[in-house]
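Worksheet: the structure to be examined is printed underneath.
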Amino acid sequence: MAGETIVNLLDLDAEGLVAYCGSLGEKAFRAKQLQRWIHQYNAADFDGMTDLAKSLREKLKGRAVIGTPDILSDHVSADGTRKWLINVGNGNAVETVFIPEETRGTLCVSSQAGCAVNCRFCSTGKQGFSRNLSTGEIVGQLRMAEFALRASLGRAPGPNGKAERVITNVVMMGMGEPLLNYSAVVPAMRLMLDDNAYGLSRRRVTLSTSGVVPMMDRLGAELPVALAVSLHAPNDALRDELVPLNKKHPLRELMAACQRYLKVAPRDFITFEYCMLDGVNDTEAHARELLAVTRDVPCKFNLIPFNPFPESGLVRSKTEQIKRFAQVLIDAGVVTTIRKTRGDDIDAACGQLAGAVKDRTRLAERTGASKIIEVRAV
């Protein structure tokens, strides 16, 4: 075993775990047993995996680990939203947010430390991009949150029956652009869908993208889950300013990709997310332009009141203006919702996932600040 690379079993989806067990001389069914222990029973070590042969447990010791997130903080908002801040090393942290509702519980999962897309209205992009998260770091957010929430409710670990599951929906809408970390995100989502792990349906796992068109096509071919697109502007000139990726994949190309995706998607519509910015993209004329640009894509709109942060120079649209904008869309027969701001008192609201621990080098480069780790009070 000397010199062997230690494997984090959270990094392995079902196929990867079968291959790993095979490398140890074990049969494929052992992979399912391991997967259930890790993802359904929250096993922290191998000794407690009582239906595994002792010889296999001994093989795993020293060769494999079950990685667990390094939680820096755990905060609960007045509205019940819960945010965990997770250390991912080198002065970086990512955030995981649970949003409880009457009939469901939604977990917002991060895929990168920082983000390279740098949307103008999103605080995460202002810290720059540090690195991609691993599969284990992504699915580990779901594992950590599910069992922490169960513990708070007095529910024991075990198979994820509908009556016991706390997290019913996962949205890949946290820090980062998921499709720019495709090789780690897709295995993580496979585990979310796997009946030997979390057993979520494809309709209940949503990936949000700013519009990485080639990877949208690949996702549709390999693992079509529900799709949300961060749109935020009704024309290329404005979207170029708000979502710089638009310069590479403009609206016509993006709309065509949405049409292709719908041919294989588990839902018959795309959700378009639209951050409402006062005097920038929120007029009734913008709404009519938005209807025109999306007319060939079955869709619904989710209007998001902007959550201000100092570096943006932007202001949230007034409530009445958001309602007028929404009414134009509704009058055209398009399902439109206005997102209720949740968790903003703990900086967990949409667009606020900047991480309280910031990469020292990038922070210094961007602000000229001294090289310290900055921790923001929450």
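Placement of Cβ uses the backbone N, Cα and C atoms for every residue, glycine included.
Lifted from Swiss-Prot, the feature list:
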- Glu95: active site, proton acceptor (ACT_SITE)
- Cys350: active site, S-methylcysteine intermediate (ACT_SITE)
- Cys115, Cys119, Cys122: [4Fe-4S] cluster binding site (BINDING)
- Gly176, Glu177, Ser208, Ser230, Leu231, His232, Asn307: S-adenosyl-L-methionine binding site (BINDING)
- Cys108-Cys350: disulfide bond (DISULFID)
- 101-345: domain 'Radical SAM core' (DOMAIN)
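Sequence features, as recorded in Swiss-Prot, placed on the structure.
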residue: Glu95; record: active site, proton acceptor; DSSP (3 states): strand
residue: Cys108; record: disulfide bond; DSSP (3 states): strand
residue: Cys119; record: [4Fe-4S] cluster binding site; DSSP (3 states): coil
residue: Gly176; record: S-adenosyl-L-methionine binding site; DSSP (3 states): coil
residue: Ser208; record: S-adenosyl-L-methionine binding site; DSSP (3 states): strand
residue: Ser230; record: S-adenosyl-L-methionine binding site; DSSP (3 states): strand
residue: Asn307; record: S-adenosyl-L-methionine binding site; DSSP (3 states): coil
| remark: Spacing of the two Cα atoms, Cys119 ([4Fe-4S] cluster binding site) and Ser208 (S-adenosyl-L-methionine binding site), in whole angstrom, works out to 14
| field | Using Cα positions only, nearest of the recorded positions to Cys115 ([4Fe-4S] cluster binding site) (Glu95, Cys108, Gly176, Ser230, His232) | value | Gly176
| recorded positions Glu95, Gly176, Glu177, Leu231, His232, Asn307: which have a Cα within 10 Å of Cys108 (disulfide bond)? | Glu95
| Once the chains shown are all counted, how many other Cβ atoms turn up within 10 Å of the Cβ of Leu231 (S-adenosyl-L-methionine binding site)? | 29
| request: State the Cα to Cα distance, in Å, between Leu231 (S-adenosyl-L-methionine binding site) and Cys122 ([4Fe-4S] cluster binding site), rounded to an integer. | output: 13
| request: Calculate the distance in Å between the alpha carbons (Cα) of Ser208 (S-adenosyl-L-methionine binding site) and Cys122 ([4Fe-4S] cluster binding site), and round it to a whole number. | output: 14
| Cα-Cα distance, maximum over Gly176, Glu177, Ser208, Ser230, Leu231, His232, Asn307, record's S-adenosyl-L-methionine binders, Å | 19
| note | Using a 10 Å radius on the Cβ of Cys119 ([4Fe-4S] cluster binding site), the other Cβ atoms enclosed count 24
| task | Fill in the CA-CA distance, the residue listed as 'active site, proton acceptor' to Asn307 (S-adenosyl-L-methionine binding site), as an integer in Å. | result | 16
| How many Å separate the Cα atoms of Glu177 (S-adenosyl-L-methionine binding site) and Cys122 ([4Fe-4S] cluster binding site)? | 12
| Just the number: how many Å between the Cα atoms of Gly176 (S-adenosyl-L-methionine binding site) and Cys122 ([4Fe-4S] cluster binding site)? | 11
| said: Give me the count of other Cβ atoms within 10 A of the Cβ belonging to Cys115 ([4Fe-4S] cluster binding site). | reply: 26
| request: By Cβ count within 10 Å, point out the most packed of the binding-site residues listed: Ser208, Ser230. | output: Ser230
| request: Would you mind reading off the Cα separation of His232 (S-adenosyl-L-methionine binding site) from Cys122 ([4Fe-4S] cluster binding site), to the nearest angstrom? | output: 11
| request: Taking the Cβ of Glu95 (active site, proton acceptor) as the centre, count every other Cβ atom within 10 Å, in any protein chain shown. | output: 26
